[in-house]
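As recorded in TrEMBL:
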| type | residues | note |
| --- | --- | --- |
| BINDING | 13, 14, 15, 126, 167, 192, 246, 291 | UDP-N-acetyl-alpha-D-glucosamine binding site |
| DOMAIN | 6-144 | domain 'Glycosyltransferase family 28 N-terminal' |
| DOMAIN | 186-348 | domain 'Glycosyl transferase family 28 C-terminal' |
């Protein structure tokens, strides 16, 4: 059945939030009259949901990983408050389905939905499932996966491999790339908050990269923006190409010849959907080292290079980047492999799966 009212729930980081927003767009394309309520925590999800024209309800939530007993005690408190509040909101909103996208903020609404008998699903972005989705896997009706569940974490009869939902403008960047002039333009990303080890390596590599004629577009993160910009000025590199945050990521994907970035699921599937060759530097402290496994999936098919942070130096980075940019045949092969990895219909497939539950 066509969905008329849907609840999306998640929060914390863009890796959880952006796939939810991509599904919101797919829901609207399917039914322009659909009523969507976004339920999340006190993180950036509220502003992002409202910016996309969605109604938003904030619920209490906080992480527990690495916080020991105090984290567990806190979780008892916010779950005890959040589930009843979510249940009351769901009772009034009467959604056809509820879908969570991981993150602690996505826990209470999904539990409340099942208590009320509302069809519910989760989407797992990473190759190693997170704590929230692991806990919800036995409760929900359907589990949408970005990567195959090789560890057998979830009940197999509930899982559907969809890939990770990517925003429409990112998908369209693949077509925009076909007419671009090829050169030596490198997009540097450390996530929305930046990544100091990647920033440090590029600062060290700047002289060699400038000598090789490389153009850099560098998202340094707000906390490190001034330092990185100053380093670019000192190296006679264009400081205007250093950004604290890149709003129009689709255009940068369309223009670049190579991306150097972390390997959270959203980034991996974005560069794949856009057909961008990538050099991944996984965040080593990611839960269960899932970023390395995400990057490995792309590396295994020849779409990316995996450079562990433990091996990241300015010299190693400059050598890897300049070698790749000098080998147009390899870049073309990586681009083709990335496109083959992409699942551009992931958001629409998730919507279809939700319709089958309602």
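Just so you know, glycine gets a Cβ as well, placed from its N, Cα and C.
TrEMBL does not curate its annotations; it predicts them automatically.
Here the features listed in TrEMBL are painted onto the structure.
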residue : record                                        : DSSP class
13      : UDP-N-acetyl-alpha-D-glucosamine binding site : coil
126     : UDP-N-acetyl-alpha-D-glucosamine binding site : coil
167     : UDP-N-acetyl-alpha-D-glucosamine binding site : coil
246     : UDP-N-acetyl-alpha-D-glucosamine binding site : coil
291     : UDP-N-acetyl-alpha-D-glucosamine binding site : helix
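Across the domain 'Glycosyltransferase family 28 N-terminal' (6-144), DSSP classifies residues as 68 helix, 26 strand, 45 coil. Taking the domain 'Glycosyltransferase family 28 N-terminal' (6-144) as a whole, pLDDT averages 89 in the prediction. Compared over the binding-site residues 126, 291, the count of CB atoms lying within 10 A of a residue's CB peaks at 291.
Within 10 Å of the C-beta of residue 15 (UDP-N-acetyl-alpha-D-glucosamine binding site) there are 25 other C-beta atoms, taking all protein chains into account. Less than 8 angstroms from the CB of residue 246 (UDP-N-acetyl-alpha-D-glucosamine binding site) sit 189, 217, 219, 252, each of them six or more residues away in the same chain.
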